[in-house]
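Everything below concerns the one structure shown next.
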DNA sequence: ATGGCAAATATGATTTGA
């Protein structure tokens with residue numbers, strides 16, 4: 001059974017990070033890379049750069065904010081942009097089938113603060129995602145949801161849980177939404193394996209967050225039981241975060257025998 | 001208690017992110 005590695009990376013502007021993404025695909029055995037926060041319209045998306053590198057790509061974006069893309073070594077089928085059940089000007093989701101695996105790439109809403117309009121939007125968006133997942137699972141036994149969830153599922157996913165208690169990204173309502181996805185039968189692939197203490201996928205640019213390991217684990221790869229059974233590894237690759245001019249997020253990679 | 005960094009838009013200061 002060949003190894004199939006899928007990854008997620010919030011690049012915080014693909015314009016700035018394109019060389020790093022191309023370099024990453026060239027130097028790593030990644031079959032599928034889901035990107036978030038491309039921050040560009042489809043008209044200016046660097047599609048040709050990926051094609052020239054022998055890669056397949058699908059994307060949906062907008063000016064300044066949001067935007068998602070899927071990069072893959074093999075062709076993509078049945079590409080779907082946005083949540084079909086949720087009218088949304090913000091470009092936050094793209095789905096494709098690659099090597100028989102349904103890949104959902106999501107940039108879940110940040111939410112800003114619990115009392116804000118943006119938090120209401122976050123919870124509504126999560127409810128629509130839950131419905132969408134429920135539908136997709138009816139048709140796809142092999143499904144993976146990858147992305148920036150903007151949710152730290154447990155206190156051990158937070159560098160300083162006392163200080164963060166009840167805040168946006170860790171609140172009970174958000175964690176309940178995360179657990180609703182688990183209740184659909186999805187598995188957090190990171191927790192299938194022994195992991196180092198204080199493993200995070202995002203670090204604040206300020207106050208030397210990365211050097212102090214003051215981070216959060218908010219980027220996740222969830223798998224259906226069928227894929228989880230054949231999952232052999234999940235790692236956070238901190239190397240790109242050490243790069244000059246890094247994204248504030250670093251890639252998470254999950255390997256499955258398919 | 002506050003802002004601190006980075007990117008985009010715009011070309012100075014504001015918004016957003018998490």
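Cβ coordinates come from backbone N, Cα and C, glycine included.
The active site annotation in TrEMBL covers A:107. In sequence order, A:10, A:36, A:37, A:66, A:67, A:68, A:92, A:93, A:147, A:148 are the residues near residue A:107 (active site), counting only same-chain partners six or more apart with C-beta under 8 A.
DSSP assigns residue A:148 (active site, proton donor/acceptor) to a strand. Under the heading active site, proton donor/acceptor, TrEMBL lists A:148.
Under the heading active site, proton acceptor, TrEMBL lists A:249. Taking a C-beta cut-off of under 8 angstroms and a sequence separation of 6 or more, residue A:249 (active site, proton acceptor) has the following same-chain neighbours: A:9, A:10, A:11, A:12, A:148, A:201, A:202, A:219, A:241. In the three-state DSSP assignment, the secondary structure recorded for residue A:249 (active site, proton acceptor) is strand.
According to TrEMBL, the feature Mg(2+) binding site maps to A:10, A:37, A:148, A:150, A:248, A:249. Taking the Cβ of residue A:150 (Mg(2+) binding site) as centre and 10 Å as the limit, one finds 22 other Cβ atoms among all the protein chains shown.
Positions annotated as domain 'Endonuclease/exonuclease/phosphatase' by TrEMBL: A:7-249.
Per TrEMBL, the feature site 'Transition state stabilizer' maps to A:150.
DSSP gives residue A:219 (site 'Important for catalytic activity') a strand state. What TrEMBL records for A:219 is site 'Important for catalytic activity'.
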Quick check on the recorded positions A:37, A:148, A:219, A:248: which one has the highest count of other Cβ atoms within 10 Å of its Cβ? A:148
Three-class DSSP secondary structure - residue A:107 (active site): strand
For the recorded Mg(2+) site formed by A:10, A:37, A:148, A:150, A:248, A:249, name the remaining residues of the chain with Cβ within 8 Å of the site's Cβ center, in chain order. A:12, A:36, A:107, A:202, A:218, A:219, A:247
